[in-house]
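J.: Below you'll find the structure I mean.
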Amino acid sequence: MTISPPERGEKAKGGVPTPYDQPVDRGNAPVDFEKLNKPGFWSSKLSKGPKTTTWIWNLHADAHDFDTHLGDLEETSRKIFSAHFGHLAVVFIWMSAAFFHGARFSNYTGWLADPTNVKPGAQVVWPVVGQEILNADLGGNYHGLQITSGIFQMWRAWGITSEVQLMALAIGAVVMAALMLHGGIYHYHKAAPKLEWFQKIEPMIQHHQIALIGLGSIAWAGHLIHIGAPVSALLDAIDAGNPLVVDGVSIASASDVTNLAPKLCDPAIASQIFPSLAGRTVENFFTLNWWAFTDILTNKGGLNPVTGSLWMTDISHHHLAFGVFAIFGGHMWRNAVHGVGHSMKEIMDVHKGDPILFPAPKGHEGIFDFLSNSWHGQLSINLAMVGSASIVVAHHMYALPPYPYIAIDYPTVLGLFTHHMWIGGLFICGAAAHAGIAMIRDYDPAIHVDNVLDRMLKARDAIISHLNWVCMWLGFHSFGLYIHNDVMRALGRPQDMFSDTGIQLQPFLAQWVQNLQQSAVGTGQLVGAGNLPGNVLSEVFNGNVIEVGGKVAIGPIPLGTADLMIHHVHAFTIHVTLLILLKGVLYSRSSRLIPDKAQLGFRFPCDGPGRGGTCQVSSWDHVFLGLFWMYNSLSVVIFHFSWKMQSDVWGLTGGNFAQSSITINGWLRDFLWAQSSQVLTSYGQPISMYGLMFLGAHFVWAFSLMFLFSGRGYWQELFESIVWAHNKLKVAPTIQPRALSITQGRAVGVAHFLLGGIATTWAFFHARLIGLG
């Protein structure tokens, strides 16, 4: 059955376009506060007010679904564009709050003076109801809450050395928030862009790639070169016990650096720290004498032994190079100003693909038009890419720590890894959600015939059935290895276990990659002509242990049987998540069970009475189920990371990962139970808030099960009996109580499941590492 997408307003029907002389409409929509007094003003049904309690849930569910409010792509685009400015304003206010707390309440300068012994603290808890116990002794005569965001380490890398500078940033961020709010109002109510402006893809890419990313990265490189790196060099020298002398004055403290900071843009001063800043930088640049910059734009590699972080001059070099690449890449596209360059539509239309491996005769024809008319399609791709990038960042943050002293702040390292993993997982689930919406609302089967998208849909049974086979294979085999080990250990037969001392299952490919990286040192194998210095590679590749302040910043990460086993659990959970999410997209419009699924929309509970077994098959329900498996996947990842680092790198659990993590019982006993002692015994200590959070989050998680285990009918019957009792007492409400719909109940359930699970893990991790000191 062919089901076309709904019409989306005059601008989306593909008729004769209006002349594109001005990119905006002036005086588009005057500000109207009256309609805001009527909740649900965008819907004729909701705007009538509540008759049942379902009204408030529909209000929440549909508030941001601009597609259904308007049915017009131009107006939807304008609202989204305006909302972006509002979002940026919120981000700037949040940043301002962080800067303000740092300036007014924190121990930033105390930490800066002794970063290996003083712990970061954001604020002091006021003893309103006697909760001053939460103020821990963080060193340097400061009692307050210990923070684990890495913000102090980041500020030091920026070159911030005083509370005055933080307060200036706080004020600046508020000003930027005001500008963003004004921008949002202006670009919707005063000068609203036309649909054609939003659909000019090449200029949009150029603006983002050249102006925002390219020039932004180079501008940041400029800050690092002139402020960040010199300040870091001065502070590093102080921490190493060999303060630098600038203009005849020994720079022996952070306050000395603060006093010197305004002079760092003076070449005579800056060149005493980095000679290449001596004032002939422009001449050297334009005469191609770039070797003059090798002290400020370096390729040292490895970590700074004083701070346990990447060299600031390496980071400056990275941002400069990245910005140049982005600018070159952005100029690849053709725009209205000059007719030179590539057209993305032309590239995609002629790109056919492999006729044997992927037989789609029309290749990518129609894909450009689909994406330039489907913001859900674009958002899906962007969410998948940014989510994947967040997961990449999570793994780089500990292997190549970018900020000074962050590597020895173990709660922060674990917190940032966990944070970036959760963000990545949620974004990837969001990618599946918006891909499903795009397929239902924006996809026209009559246009997509024999192209790659059509080919994917035709091959969906093969794709999903193969994924299903892979998931079963991985699940049975990975879990089977653990069950075998539990049985053998229970029977007292360690020699028959899969382990490094029994039946070995060594990850030889991963070990080969590690050895390849390490053996490439000095051979030029990885960098072409030049030889590779010994410290270019991360220390995790069979490198050296780097200690800072008596704590391990980074060291080699050995891999063995335990890692191979948990790796296959990772593969299993990730493939199941992919199976669920991909099935939701590929079967979003139709299936053998429900051929007319596209007409039912993105979310629907069941396909009407008399058609049994058709509940929970909507694209929305696949995202719902995918979120649980995403949670499973990432729980295994962050537990693996936490235990592995404590055992094999930080030296906190005596290297017990290799022998304990190869059984289910080992995970329960030596990880969950043994490491939860800090959170369970936290009462009466500054970490007691994590004990309360641990219990409260468990309650939130358990609360979710009430929504996930019970059916709607159960609750409706219960409500009707309660309403009957109210009627008998003549106190019946005017708004009729209704049980949540199946979809609403599942949404509340998964939200509390994830919130409870994440907050429980948060309390468990932080209490563990903060409690150990």
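Using N, Cα and C of the backbone, Cβ positions are placed for all residues, glycine too.
As listed in Swiss-Prot for this protein:
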- 1-29: region 'Disordered' (REGION)
- 80-103: transmembrane segment (TRANSMEM)
- 166-189: transmembrane segment (TRANSMEM)
- 205-229: transmembrane segment (TRANSMEM)
- 315-333: transmembrane segment (TRANSMEM)
- 375-398: transmembrane segment (TRANSMEM)
- 414-440: transmembrane segment (TRANSMEM)
- 462-484: transmembrane segment (TRANSMEM)
- 564-582: transmembrane segment (TRANSMEM)
- Cys606, Cys615: [4Fe-4S] cluster binding site (BINDING)
- 622-643: transmembrane segment (TRANSMEM)
- 687-709: transmembrane segment (TRANSMEM)
- His698: divinylchlorophyll a' binding site (BINDING)
- Met706, Tyr714: divinyl chlorophyll a binding site (BINDING)
- Trp715: phylloquinone binding site (BINDING)
- 747-767: transmembrane segment (TRANSMEM)
J.: With DSSP assignments reduced to helix, strand and coil, which class does Cys615 ([4Fe-4S] cluster binding site) get?
T.: coil
J.: Highest Cβ count within 10 Å among the binding-site residues Cys606, Cys615: which residue is it?
T.: Cys606
J.: Name the secondary structure element type, per DSSP in three states, that contains Cys606 ([4Fe-4S] cluster binding site).
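T.: Once the DSSP labels are grouped into three classes, Cys606 ([4Fe-4S] cluster binding site) ends up as coil.
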J.: Mind checking which residues of the chain, 6+ beyond the ends of the transmembrane segment (80-103), have their Cβ under 8 Å from one of its Cβ atoms?
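T.: Distant contacts of the transmembrane segment (80-103): 66, 122-123, 151-152, 155, 163-164, 166-167, 169-171, 173-174, 176-178, 180-181, 183-185, 187-188, 193, 198, 375.
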J.: Of all the binding-site residues here, Tyr714, Trp715, which one's CB has the most other CB atoms within 10 A?
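T.: The residue with the densest Cβ neighbourhood is Trp715.
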J.: What residues elsewhere in the chain lie close to the transmembrane segment (315-333), defined as a C-beta under 8 angstroms and at least 6 residues from its ends?
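T.: Same-chain contacts beyond the ends: 157, 202-203, 205-206, 208-210, 213-221, 224-225, 228-229, 296-299, 341-344, 402.
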J.: Any idea what the Cα distance is from His698 (divinylchlorophyll a' binding site) over to the residue listed as 'phylloquinone binding site', rounded to a whole Å?
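T.: Between the Cα atoms of His698 (divinylchlorophyll a' binding site) and the residue listed as 'phylloquinone binding site', the distance comes to 23 Å.
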J.: Top stretch among 166-189, 205-229, 414-440, 564-582 for CB pairs under 8 A with the transmembrane segment (747-767)?
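T.: Between the stretches 166-189, 205-229, 414-440, 564-582, 414-440 has the largest tally.
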J.: Counting distance between Cα atoms, which of the binding-site residues Cys606, Cys615, Met706 is nearest Trp715 (phylloquinone binding site)?
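T.: The smallest Cα gap between Trp715 (phylloquinone binding site) and any of the binding-site residues is with Met706.
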J.: In the same chain, who gets a Cβ under 8 Å from the transmembrane segment (622-643) while lying at least 6 residues past its ends?
T.: 414, 417-418, 421-422, 425-426, 428-429, 432-433, 436, 566, 569-570, 573-574, 576-577, 580-581, 583-585, 653, 657, 661, 667, 671, 675, 746-747, 750, 753-754, 757, 761, 765, 768
J.: What residues, ordered by sequence, lie under 8 A Cβ-to-Cβ from Met706 (divinyl chlorophyll a binding site) and sit at least six positions away in the same chain?
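T.: Expected: Gly749.
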J.: Just to verify a number: CA distance, Cys606 ([4Fe-4S] cluster binding site) to Tyr714 (divinyl chlorophyll a binding site), in angstrom, no decimals.
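T.: Per the Cα atoms, Cys606 ([4Fe-4S] cluster binding site) and Tyr714 (divinyl chlorophyll a binding site) stand 17 Å apart.
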J.: Is it true that the transmembrane segment (414-440) and the transmembrane segment (375-398) have 3 or more CB pairs under 8 Å, sequence gap of 6 or more?
T.: yes
